[in-house]
């Protein structure tokens with residue numbers, strides 16, 4: 001009965017008084033927030049979530065907070081001495097040299113035969129190296145520990161040098177002014193002496209002085225003109241003289257040499273066909289002519305020599321080491337000429353022809369000078385009349401022996417394989433001619 005009445009009265013009273021006393025006696029329901037942390041889901045209230053977020057912010061954003069860097073006194077810690085006893089009890093020491101500032105891995109000294117680890121000796125005083133993090137500015141400060149007072153002696157030396165220079169300059173100026181004053185006094189004395197002499201002498205001196213002044217003025221003007229001309233010469237070296245004709249105007253024929261306007265170059269000779277008819281020989285001959293004559297050929301030879309010597313292992317370059325290359329090339333040519341001469345001498349010694357070569361050289365000079373040629377007025381060789389000219393040999397020619405009408409060697413017998421005379425077809429050189 002009590003249970004029923006209690007339930008009924010409770011329901012009635014609760015429904016009636018719920019609007020009045022419900023707000024006072026009712027407990028507020030807390031909202032639950034599911035949070036995933038460290039791979040698990042946790043149910044937390046609003047306050048717990050807010051407190052956890054604030055703690056996470058403090059932990060995660062610590063590196064973004066301003067923090068003053070601890071200033072390190074590098075000069076105090078640098079070269080600070082440490083005295084270590086009982087090395088075996090200390091773990092982080094160098095087993096090679098016994099230093100307490102570094103380990104064996106970072107030791108820069110030579111490897112000992114007997115290491116400190118196995119020696120019963122105490123370590124000496126050791127210097128500590130600064131290993132603390134100095135920050136961005138501290139690691140990049142190049143003037144740490146610099147004392148400007150150490151540079152004062154250099155300032156003093158330069159001040160002394162400047163003072164001595166000023167003194168010497170003042171002495172030179174004094175000497176200069178003294179010489180000028182002495183000259184003026186001499187001139188005044190000479191003028192006074194001349195005035196005492198006759199008036200005729202004065203007229204002659206005035207004329208001579210005026211002539212000297214005119215000569216000096218003329219010399220000054222000539223010097224100025226020469227200086228101006230020298231300046232103009234240096235400017236005009238790189239410019240073409242406008243009075244001279246351009247490259248592309250020498251020959252207006254379309255089939256003449258090609259002119260490239262971009263590079264302003266004409267490789268071939270524009271007057272190749274008509275150059276012999278020109279009066280002046282100082283005409284433009286094409287860039288190939290100038291690139292293949294004079295010192296240009298020698299420079300090309302040097303460049304080729306540099307390539308070949310570099311391939312053989314010598315450290316030479318045409319542009320980087322020009323003087324060294326020239327010396328090497330001269331030595332190479334000298335050695336080459338010596339080897340050629342030695343070979344010639346050895347060949348002549350083997351055949352015993354040392355004296356004969358000198359006579360033959362003189363004979364060859366005379367032989368080659370006897371060539372006959374005919375020239376046109378245009379300095380060209382006449383191709384029609386210029387038949388093949390036989391060069392005279394050093395042997396005797398047109399000498400007929402033992403009544404033969406032909407030379408020995410003009411006939412060849414194929415059966416016997418011997419030379420003979422064409423007139424009688426005889427192969428014996430000293431036999432008389434049968435036909436005669």
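Just so you know, the numbers here start at 1 and follow the chain as drawn.
Cβ coordinates are placed from backbone N, Cα and C, and glycine is handled just like the others.
Automated prediction, rather than curation, is the source of TrEMBL annotations.
The following features are taken from TrEMBL:
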COMPBIAS  1-22  compositional bias 'Gly residues'
REGION    1-26  region 'Disordered'
DOMAIN    134-410  domain 'Pre-mRNA-splicing factor SLU7'
REGION    169-238  region 'Disordered'
COMPBIAS  178-188  compositional bias 'Basic and acidic residues'
COMPBIAS  189-208  compositional bias 'Acidic residues'
COMPBIAS  209-218  compositional bias 'Basic and acidic residues'
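Each residue in the domain 'Pre-mRNA-splicing factor SLU7' (134-410) has a pLDDT score, and their mean in this model is 76. Residues of the same chain that lie 6 or more positions beyond the ends of the compositional bias 'Basic and acidic residues' (178-188) place no CB under 8 Å from a CB of it. Across the compositional bias 'Basic and acidic residues' (178-188), DSSP classifies residues as 11 helix, 0 strand, 0 coil.
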